[in-house]
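Participant: Okay, here's the structure, questions in a sec.
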Amino acid sequence: MNLDTLADLGPRWWIVRVTRIRYEETAERLARSLARNFPDIDFKMYAPSVQVKKKLKNGSYSDKPKPIFPGCVFLRCVLNKERHDFIRECDGVGGFVGSKVGNRIKQINKPRPVSVDDMEAIFKEAKEAQEQADQAFVEEQQREGTIKSENLNVESNTVTTVVTESFRDSKPKSQSGKASAKGNKLPAPGSTVRVVSGTFAEFLGTLKKVNRKTRKATVGFTLFGKESLVDLDLSEIVPETN
């Protein structure tokens, strides 16, 4: 089967099957891998989910994503054999949704593109699901009499995420030597910092707060279409300079 013929279709939406365990983490890792290994291609990744807000017993609120299509990530790109094979080999990926081809010894799913109409229906479903979840939370709080709806500050966000240039934009310019914030003047909250080691190495983020006692910093990254907060050692970040 010549998968390079898929490129003749141009940019299309494809469905990638991923593990249901750590669903978003797998999708984020796949997006980073694509951006790192294919820096010249344009792609978008969409993982439909609903942000479900709940009030906890201690009075705080949790905001967790609930996948609309568990185990499925939508990827828009020009697909060829090289990219197809690379994606299939990524950790947590089970291949593409499509029709089985091959012989009895070896079979794979030939990717089947998703139509524009179907994608529009999916976008609409995600938006409506988020609105329903937000409204359900408002009504629950009103029934409990603990909070007024006008003060909930609940916003409808179509969850998911389109990951295109966000990962590429997060990558800093190449650096020489190993930098460290330790011993230097601490960056101020709100400033842009660069991660120099650890899981988020080579990413830019916004410094949210600094704990001088524990030498910890909370940094916000734009991952998968929304901001994620991560606690890092001060030694892992440096101020970003233009």
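Each Cβ is built from the backbone N, Cα and C atoms, and glycine gets one as well.
Just so you know, TrEMBL annotations are computer predictions that nobody has curated.
In case it helps, TrEMBL gives these features for our protein:
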| type | residues | note |
| --- | --- | --- |
| DOMAIN | 10-126 | domain 'NusG-like N-terminal' |
| REGION | 164-191 | region 'Disordered' |
| DOMAIN | 186-213 | domain 'KOW' |
Participant: Using DSSP, how many residues of the domain 'NusG-like N-terminal' (10-126) fall into helix, strand and coil, respectively?
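Facilitator: The counts are 35 helix, 45 strand, 37 coil.
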Participant: If you average the pLDDT over the domain 'NusG-like N-terminal' (10-126), what number do you get?
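Facilitator: So the average pLDDT across the domain 'NusG-like N-terminal' (10-126) works out to 85.
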